[in-house]
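Okay, so here's the structure we're looking at.
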Amino acid sequence: MSERQPSGLDLKAQNKFFKSFRYAAQGVVSAAGERNFKVDIAAAACALALCALLQVPLWGWAAVVVCIGAVLAAECVNTAIEAVVDLASPDIHPLAKRAKDCAAGAALILAVASVAVAGIVFVPAAWALFLGC
Ligand SMILES: Nc1ncnc2c1ncn2[C@@H]1O[C@H](COP(=O)(O)OP(=O)(O)OP(=O)(O)O)[C@@H](O)[C@H]1O
């Protein structure tokens with residue numbers, strides 16, 4: 001039985017699929033230029049180092065990785081909303097303020113929740129490592 005050759009349409013769809021990854025990567029690179037994103041990357045590196053140092057169990061690693069992903073994704077969305085607001089409303093407008101403040105608020109909520117998760121993961125791990133219980 002002969003294998004079906006990919007049609008021009010298949011290749012076009014494949015090409016579009018890989019291009020969408022490239023555009024998404026460009027979005028991450030663009031958001032990574034923001035100060036808050038850099039701070040989040042530094043915090044993420046510290047959290048991962050603490051996971052290794054304190055010999056955190058697998059569930060702790062998973063919780064920390066999910067928090068890092070959520071915070072960085074929120075920074076990307078925040079950057080996107082800022083760009084759209086600047087495009088749509090270069091002048092001062094109460095709705096522009098509301099949109100930007102809410103987007104920043106979403107990132108703040110995730111950051112605060114991540115600090116709480118860090119406490120839940122790291123305090124018992126440090127306790128167990130240094131006090132042996
Ligand atoms: N067009 C606007 N109309 C009304 N308020 C605005 C407008 N643009 C920005 N602001 C207000 O200024 C705040 C800061 O916005 P700005 O875009 O200068 O900084 P940012 O990009 O949110 O900060 P960062 O880049 O550090 O995350 C907003 O959260 C909002 O309260």
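Heads up, the Cβ atoms here are built off N, Cα and C, so glycines get one too.
The model shown is predicted, which means the values in this text are computed figures rather than measured ones.
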| query | Which stretch does TrEMBL mark as transmembrane segment, out of 15-43, 102-130? | reply | 102-130
| note | For ATP, with binding residues TYR23, GLU34, GLU82, LYS100, ASP101 per the record, max Cα distance (Å, no decimals) returned as 26
